[in-house]
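Student: One structure is given below, represented as C-alpha cells, and several questions about it will come after.
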Amino acid sequence: MKETRALLYLDDVTVSFDGFKAINGLSLFVEPGELRAVIGPNGAGKTTMMDIITGKTRPDSGKVLWKGEHDLTKLDEADAARLGVGRKFQKPTVFETHTVEDNLLLALKADRRVIPTLFARTRKDEQARIDAMLALIRLEARRADLAADLSHGQKQWLEIGMLLAQEPELLLVDEPAAGMTDDETMETAKLLRDIAGERSVIVVEHDMAFVRELDVKVSVLHEGSVLAEGSLDHVSADPRVIEVYLGR
Amino acid sequence: MADTSLIRRAVTARSQLFLILLVLAAILVPVLNLAVPAGSFFHLPSYAVSLFGKYLCYALLALSVDLIWGYCGILSLGHGAFFALGGYAMGMHLMREIGSRGVYGDPLLPDFMVFLNWQELPWFWHGFGSFPFAVLMALLVPGVLAFIFGWFAFRSRVTGVYLSIITQAMTYALMLAFFRNEMGFGGNNGLTDFKDVLGFNLQSDATRAGLFVVTAAALAGGYLLCRWVVGSKAGKVLVAVRDAESRTRFLGYKVEHYKLFVFTLSAMLAGIAGALYTPQVGIINPSEFSPANSIEIVVWVAVGGRGTLVGAVIGALIVNGAKTLFTGWFPEIWLFALGALFVVVTLFMPQGVLGLARGQGGLAEGAKRALAFLEQAGIKRKGTGS
C-alpha cells in the first residue's frame, strides 16, 4: 500500500559521519511536478541530503520513499537513476573524451545492462531525440567535437541536456548559479521553471537573488534538519532563519 | 577542436594496416624458415620463429591490459597471473601428453610427481589429458579468478592505486603458492620437457611455424574482439567510467558490472596468451607470477600508447625486441634501461609511440614537457642551493 502520494518522501532521516550528525531528523516532501529551493548555510547538510536521495549515502535511520513504494535507502546511485532521479553537479561533469553526440547517446533513456548495451545500435527514434536535444542546448554545430573542447558554459548546457535525455522524474540541481553572471542567473532560473511541471526539481542554492527569481517554496536547512519552510518572504521573516543567516 | 570523424577513419585505417601486417608476418615467418634453404641470407633460424611467437603472445597479453587500463582506467598490476594460469593449464596438458616418455617412464604420473613419491594423479590433474579441456581451462580458470576477484573489488568500490596494489598481492600470493611442491604444479621447476602437442613434435620446425601462425591468428582475433567491444555502446560506457565514474553511476549505469565484464574478458584473453606461450617457450614456472612481470606488461602498453589497442601490440614488440637485444649485449643494464624507458615515456610521451607517430603535437609536446621538466628541476636545484 502506498504511504504517500508525494514523489519523494523523507521522514526523520539521520546520518552521521564519525559521530557528527550531518543530517539530523530531516523530513521533506516533494510533490510531482514541484520546483523546490533548498537553502542553508555551509555545513547545513545540503550535499549530504542529495547524496541520500541519489543513493550515494545510506542513512543511519529514517525513511526515504520514492513514489511511496521504493525504498531509496536500499538502492545505489545507478538504481536511483534508473527509477528517475537525475543529478546535476555544481561543477559541470561531462565525458570529456567523448563527442557531444556520444555524451547524449550515453545519457539517453535506454537499457543500461551490460550485455544489451554491448549489442545496442542507435535506433532512428534515438537519433531523432539526440538531434532534438542538440537543438535545444544549441550545440548542433559542435556535435562531432569532443566535450573537452567546449567552453565552461557549453559544458553546463551539455550536462543539462544529458540530464533531460535521461528523462528523470526528479532533478537535483546543485548551485546552478555559481560562477554565473546576473543575466545567466536569470536565464537559468527561467530554464528551471520551464523544466519543472513535467518533472520535479530540487534546487540547492546559496544565492538569494536567484532563489527570489525562482519564486517557489523554500526549505531552509540548518544543522541537518529543516528549520523553516514556505515562501521566501515567509522564511526570511522567521527570526530563527535570520539568526542562522545573519545572527550571532 | 578535434574532428572526430577524421580520427575514426584513421582508426579503421590503422586497424587494417595492423591486420595486413599481421597476416604478412603469419605468411613470411613460416616461409622464410621452412621454404628458404638454411644457407640463404633470407633464411629465418628456428629459434627466431619461437622468439617471434613469444613476442606475439606478449602482444596479446598487452592487448588485454590495454583493454582494461586504456579504456576503463583499471590499472591491473597482476595480469601476469592470468597469463601464467593459462600457461599452466596448457602446460598440464603437455605434461600428460609426455606419457611414458618421461625420465621415469611412468605412463600416468609426470616426472616431478614420481620424484616426490606420489602414488596417484591429484584430482585437479584429471581431464587435462584432453586438449579441448585444457584450452577450456586456460579460458575458464583466469576468467573465474578474475570474476571472483573483481566481484569483491569492484563491488567494494576499490579503485585507483588500491586496486593496483591488491592485484599485485594476488599475483604475489599465487607465485608463493605455485613455488610449493605440495601444490602439485611442479614447484619452482614448473612444468617442462614437453614432447608434442596434438601429435606434432614440439621440436620440429613445422610445429613451431604452425604455433606461430596460430598465435598470430589469436592475436588478430583478440584484436578484433577488443575493437568490437570498445567500438560498441558498452565500450563508450567503459570510457565514460574511466573519465567520470560518478557521472556514469548517476546516469544509471552499474559501473561495477561493466568493470567486472571487461576485467573478466581481459583475464581470459591473457589466459589464451599464456596457453600459446607455454608450448613455444617450452617451460612454464612460478616466476611468471612474479609482480615485476606484471608491471612490465604495463610498461609495454605505456610505451606503445595507452587506449589505442594497436599501441599495446607495438609497445610489447618494441620493448621485448629491445630486451632480447640488450640482454644479449649488456645483460647488467637491461633493468635500468627498462626503468629509464618507463620514466621517459610517462614524463615526455604520455601518448606513447603512437602519440609520436600521430604527429599532432606529439614530439613537439614531448619536447615542451621535457624542457618544462628540466626548467623545474633547475629551479629546484637553485632553490636548494641558496
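Placed from the backbone N, Cα and C atoms, the Cβ positions cover glycine too.
Pulled these from TrEMBL:
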- B:17-36: transmembrane segment (TRANSMEM)
- B:42-61: transmembrane segment (TRANSMEM)
- B:68-90: transmembrane segment (TRANSMEM)
- B:131-154: transmembrane segment (TRANSMEM)
- B:161-179: transmembrane segment (TRANSMEM)
- B:209-230: transmembrane segment (TRANSMEM)
- B:258-277: transmembrane segment (TRANSMEM)
- B:297-321: transmembrane segment (TRANSMEM)
- B:333-353: transmembrane segment (TRANSMEM)
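Burial and contacts for the listed features, if you can.
Tutor: If one looks beyond the transmembrane segment (B:17-36) by at least 6 residues along the same chain, the residues whose Cβ comes under 8 Å of a Cβ in the stretch are 42-46, 48-49, 52, 205-206, 208-210, 212-213, 216-217, 219-220, 223-224, 310, 313.
Beyond the transmembrane segment (B:131-154), the same-chain residues lying 6 or more positions past its ends with a Cβ under 8 Å from any Cβ of the stretch are 81-83, 85-87, 89-90, 92-93, 163, 166-167, 170, 197-198, 255-256, 259-260, 263-264, 266-268, 270-272, 274-275.
Outside the transmembrane segment (B:209-230) by six or more residues, the chain places 15, 18-19, 22-23, 25-26, 29-30, 33-34, 49-50, 52-53, 56-57, 59-60, 63-64, 66-67, 71, 197, 200, 238-239, 262, 265, 269, 272-273, 276, 279-280, 309-310, 313 with a CB less than 8 A from a CB of the stretch.
Note on the transmembrane segment (B:258-277): residues 53-54, 56-58, 60-61, 63-65, 67-68, 71-72, 74, 76, 79, 82-90, 134-135, 138-139, 141-143, 145-147, 149-151, 154, 211, 214-215, 218, 222, 225-226, 229, 234, 237-238, 241, 284, 288 of its chain, located 6 or more positions outside it, place their CB under 8 angstroms from a CB of the stretch.
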Student: Need a quick answer: max count of Cβ pairs under 8 Å to the transmembrane segment (B:42-61), which of B:68-90, B:297-321, B:333-353 is it?
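Tutor: When the Cβ pairs under 8 Å are tallied, B:297-321 comes out ahead.
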